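Here's what Swiss-Prot has on this protein:
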- 15-102: domain 'GS beta-grasp' (DOMAIN)
- Arg61: site 'Important for inhibition by glutamine' (SITE)
- 109-446: domain 'GS catalytic' (DOMAIN)
- Glu132, His245, Glu336: Mg(2+) 1 binding site (BINDING)
- Glu134, Glu189, Glu196: Mg(2+) 2 binding site (BINDING)
- Glu184, His247, Met248, Ser249, Arg316, Arg321: ATP binding site (BINDING)
- Gly241, Arg298, Glu304, Arg316, Arg338: L-glutamate binding site (BINDING)
Amino acid sequence: MDRQKEFVLRTLEERDIRFVRLWFTDVLGFLKSVAIAPAELEGAFEEGIGFDGSSIEGFARVSESDTVAHPDPSTFQVLPWATSSGHHHSARMFCDITMPDGSPSWADPRHVLRRQLTKAGELGFSCYVHPEIEFFLLKPGPEDGSVPVPVDNAGYFDQAVHDSALNFRRHAIDALEFMGISVEFSHHEGAPGQQEIDLRFADALSMADNVMTFRYVIKEVALEEGARASFMPKPFGQHPGSAMHTHMSLFEGDVNAFHSADDPLQLSEVGKSFIAGILEHACEISAVTNQWVNSYKRLVQGGEAPTAASWGAANRSALVRVPMYTPHKTSSRRVEVRSPDSACNPYLTFAVLLAAGLRGVEKGYVLGPQAEDNVWDLTPEERRAMGYRELPSSLDSALRAMEASELVAEALGEHVFDFFLRNKRTEWANYRSHVTPYELRTYLSL
């Protein structure tokens, strides 16, 4: 048995852990969990835990549903919730999903991302990610479709006396850091009740695990604080939606492959081609980075979110931004993709972003001129004249672009690609047939 497994088993005994929660994610990004007793973990390390894959969104047909979860000891963390006596009785690990013969499950989002990271490794790169995760903190209420109520009326960077959101963020960060998830900073975002917590850079697979843990922790802490948290992309029509701005960089060993001291923006040819790849394939990957009907209520003109495939230095109206906070710091040269929302599947999102960027690097895509103006203020004609393609404005148009994409099919694999399209086509059809309160208010008098 390797040292990581021995460490986990020893920690369970020393800290008297009573429950080990084995986590994995379905294709749509929902967290799944099975709890086992510590005495069963050594066997789980050796043989895995069998489950019905046909009961998990996108995993398997009922006729071939035997699936196995293998805990990854490198992801072991004690959960931060304690009993009244202060005893932390539960821990968690993420799992890799396989078929009974030991082959990887093509439906496992971790496997989808790992395949892209392997491809990056074959090109000599490792990928690091730093997300800015936004969400809403709401007052308790029924989940019956009624209008939610934010916990406050604060705005961007606001500091209030007896600020419930401030207390919430402090408790959430304590819980995250207890689990070894480093937080860079946190603050109130622009809309009432809207929060942002930024996680410190990590390798892409660890970060996807961290994002899933983050969403779980945030919801748990919100309940403890007498509130509820929502990662819905756009719960309020009159306010900005919740993004997951995704900062990415490629490293060759310890060297940032995106940095060049000779460039005015300190951006290397690798970095430029990576951005060009994101822009070229932006429409194709939108259904993954923004997977819900509601996602496209956020990606609208004036909504503080990108609507065209453009890039710029320090330009927050562009799809891809090159942050310029520390222009001469080699390790910090990165690109920020501003379209993903915080309700995406982080494994699939990082996979398609990496696939698009690597395609640009492999094929030597040439990056066009940067956007120096506010892209939101440009007319459609001006955008076309500048070569900025419009991003999909609905889930339907995003699915059409994805369906024709060889890149996304290759990045996700045939199984996930086909399931995702079928599932999202059903979601769109259900939405189209639904009569909304807006329609009743507007058209009932006809």
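Positions of Cβ are set from backbone N, Cα and C atoms, glycine also.
Comparing the binding-site residues Glu132, Glu184 on other C-beta atoms within 10 angstroms of each C-beta gives the minimum for Glu184.
Each residue contributes its Cα atom, and for Arg298 (L-glutamate binding site) and Ser249 (ATP binding site) those atoms are 26 Å apart. Remark: Arg316 (ATP binding site) has Glu304, Arg338 as non-local neighbours, by Cβ distance under 8 Å and separation of at least 6 in sequence. Cβ neighbours within 10 Å of Met248 (ATP binding site), excluding its own Cβ and spanning all shown chains: 26. Take Glu184, His247, Met248, Ser249, Arg316, Arg321, the residues named in the record as contacts for ATP: the widest Cα to Cα gap among them comes to 20 Å. Mapped onto three states, the DSSP output places Arg298 (L-glutamate binding site) in helix.
Here the binding-site residues are Glu134, Glu189, Glu196, Glu304, Glu336, and the one ringed by the most other CB atoms within 10 angstroms is Glu189.
When the alpha carbons of Glu336 (Mg(2+) 1 binding site) and Ser249 (ATP binding site) are compared, the span between them is 9 angstrom.
Distances between the Cα of Glu132 (Mg(2+) 1 binding site) and those of the binding-site residues Glu184, Glu196, Gly241, Ser249 are shortest for Glu196. Straight-line distance linking the Cα atoms of Met248 (ATP binding site) and Glu134 (Mg(2+) 2 binding site), rounded to a whole number, equals 17 Å.
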